[in-house]
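Residues annotated as transmembrane segment in TrEMBL: 7-26, 46-68, 80-99, 119-142, 154-173, 185-208, 228-254, 312-334.
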Amino acid sequence: MVSWRNLFVSYAVMGVVALWGSMLVNGTLDAIDTAKASSELPSGRILLTSITGVPLIDGALATLVAFFDGITNGSVLQSHLLMVDLLAVIQCATIWLMVDGFSLQEFDPFVRSPASWGVGWNAIGMAVVLPVYCAFRVGTPYSRDSGLSIGDSYALFFSSAVSFVPGVLMGLPPLKSWSTHQQQVIILLYQFTPVIFSVTQMALARFINQFQYKLETNASCRTNAIRVYIVAAVGASIGHLYVMVRAISLGLLGDVFVPRPASLGRFPADRLTAGAHLFTQYDFIISALAILTWIWSQMSTYGESFGSKPTLMIASVLSTVVLGPGATLMFALWARDAYVTPLAIAEKKRSLKR
């Protein structure tokens with residue numbers, strides 16, 4: 001257990017160095033500061049800097065807008081493709097945090113809410129925050145049916161769909177009719193997706209729970225969560241396959257996924273966009289490693305219930321490459337809740353009877 005936790009902590013440290021160290025060294029942070037001071041991006045696009053009227057908040061939001069504008073406005077295809085894949089991973093991870101949070105009832109709501117972690121990785125990088133969550137999560141027991149109410153299970157469908165919309169708007173190529181202002185408002189909206197997810201989930205769950213569906217059981221509630229896993233896995237795999245097909249057909253596979261710190265000048269746009277793309281490359285790779293490592297840690301937790309460890313480790317790597325990290329995570333959760341955990345519970349009951 002300790003070794004897994006240390007590995008996740010090392011991923012988080014690696015994320016800080018790779019993401020923020022690279023932006024400090026290659027001038028991306030300076031480019032963001034310059035853009036904020038002039039209210040103009042290096043590409044010539046106007047930067048939205050006056051948002052709430054509170055300088056501290058506006059400064060933080062303008063930083064996020066400046067960072068995401070170049071890699072989501074469609075001007076650099078490799079950046080846009082990578083963002084599509086990364087957004088799929090983020091959506092799947094948010095669903096994971098939401099469902100697993102129901103089994104952490106003894107912890108503070110701030111700790112078990114996906115809003116807390118999601119806002120964190122939107123602000124400083126998933127490669128930093130997700131490993132920290134994994135380090136915390138790997139040491140806590142998981143109860144498949146604990147805390148998941150009828151309202152929670154049904155609300156999960158709707159809240160997942162609602163939170164999916166900002167990601168789709170930011171991931172799709174901007175419409176030609178969209179202005180720079182409209183595109184940047186979408187970027188701002190996306191930053192609050194984890195909060196939208198959590199608030200929608202909580203409000204709708206409370207509403208549904210008022211009707212007291214007495215015929216529902218914990219098993220049927222968990223079945224609803226498993227269905228969400230499957231839908232999210234299919235959506236994430238479609239996004240990843242789209243990215244892979246486009247990148248391979250255009251000869252951009254290396255430009256999309258392989259970090260090349262020394263080649264920032266090769267970008268057709270500007271240094272800010274190039275630095276942001278490098279950031280998202282590191283973010284994607286380290287997050288994928290954290291997800292794979294978490295899946296492998298679950299194999300150790302559940303023993304042979306998952307199957308042959310070497311075979312499953314190879315399968316998880318292949319799934320990550322072919323279907324993407326997000327889909328692989330969802331399929332692993334599906335296996336855990338639908339098959340592995342019931343087997344482990346049954347085995348425990350048999351051992352107690354002996």
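Yeah, the Cβs are placed from backbone N, Cα and C, and that goes for glycine too.
TrEMBL entries are annotated by machine, without manual review.
When each of 7-26, 119-142, 154-173, 185-208, 228-254 is checked for Cβ pairs under 8 Å to the transmembrane segment (46-68), 185-208 comes out on top. Panel annotation: around the transmembrane segment (7-26), residues 124-125, 127-129, 131-132, 134-135, 138, 261, 264, 271, 274-275, 278-279, 282-283, 286, 289-290, 293-294 of the same chain, lying at least six beyond its termini, place a Cβ under 8 Å from a Cβ of the stretch. Across 80-99, 119-142, 154-173, 185-208, stretch 80-99 shows the highest tally of CB pairs under 8 A with the transmembrane segment (228-254). Outside the transmembrane segment (185-208) by six or more residues, the chain places 48, 51, 61, 64-65, 68-69, 72, 94, 98, 113-119, 122-123, 149-152, 154-156, 158-160, 162-163, 166-167, 169-170 with a CB less than 8 A from a CB of the stretch. Listed by sequence, the residues of this chain that lie at least six past the ends of the transmembrane segment (119-142) yet keep a Cβ under 8 A from its Cβ atoms are 1, 4-5, 8-9, 11-12, 14-16, 18-20, 60, 64, 86, 89-90, 93, 97, 100, 103-104, 107, 111, 190-195, 279, 282-287, 290-291, 293-294, 297, 341.
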